[in-house]
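See structure below.
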Amino acid sequence: MKINVLTLFPDMFTPLQVSMLGRGLEDKKWELNLVNFRDFTSDVHHHVDDTPYGGGAGMVLQIMPIKKALDSLTNKGKVIITAPQGKTFNEKMAQDWSKEENLTFICGHYEGFDQRIYDLADETVSIGDYVLTGGELPTMSMIDATVRLLPGILGNSASPVEESFSHGLLEYPQYTRPADFEGQKVPEVLTSGNHQKIAEWRHKEALRATYLYRPDMLADRELTDEEKRMLEEIKSEKEN
């Protein structure tokens, strides 16, 4: 996979070059192409923004440098703009994007984009109901969530499958040594060696976490008979 990023601040993307994603870059499992669209301006001062028509505070990013930067790419793939009005990014989107050969992100800054820039994109995406100074941090979050799903990026291929949201539930609690820390003990089932019981416990605890912390996720989920039984047990245990 090749990911292009149009940004005024390419140095902000250094964190993607460390840890597992960084090793993936070194091993050529994915490619990151940072494009500073200031390089595509035509005036001597390299302006990328201007005052808004109709007046108002702030500066608006111009379409021409961004359009020229996009046109310079040989393989754009899906073009994504990060903006507060976009649909909220989620794990399903990361899974879909991870199947693409090319992705291109456009990072905004200042007051925002000239409205015509949105017509250059296939999707407008947000990471939440809050405003940041630019689109670089949301873009890095989405790249991380997407690239980690590529084959060979994570050491354990089962990891992305078992994590939160992958099956529409939050992740079950996890423990490691010591088995007893100041009286707080690891659930006995996890040390029993009974893989079926462990799987059942994890499923129920994932359901419990989702019910307690993200009940909205259950509203869209078609529960199996076993999950309905587990959920009734969870509700009963909560009441008691």
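Just so you know, glycine gets a Cβ as well, placed from its N, Cα and C.
Per Swiss-Prot, S-adenosyl-L-methionine binding site is recorded for GLY108, ILE127, GLY128, ASP129, TYR130, VAL131, LEU132, and the stated evidence type is sequence analysis. Within 10 Å of the Cβ of GLY128 (S-adenosyl-L-methionine binding site) there are 11 other Cβ atoms, across all protein chains.
In the structure as shown, the Cβ atom of GLY108 (S-adenosyl-L-methionine binding site) sits within 10 Å of 25 other Cβ atoms. Sequence-distant contacts of ILE127 (S-adenosyl-L-methionine binding site), defined as residues of its own chain at least six apart whose C-beta falls under 8 angstroms from its C-beta, comprise THR82, THR88, PHE89, PRO138, SER141, MET142.
Taking Cβ-Cβ distances under 8 Å and a sequence separation of 6 or more, the neighbours of VAL131 (S-adenosyl-L-methionine binding site) in its chain are PRO84. Around the Cβ of TYR130 (S-adenosyl-L-methionine binding site), a 10 Å sphere holds 7 further Cβ atoms from the protein chains shown. Maximum intra-site Cα distance, S-adenosyl-L-methionine binding residues GLY108, ILE127, GLY128, ASP129, TYR130, VAL131, LEU132: 16 Å.
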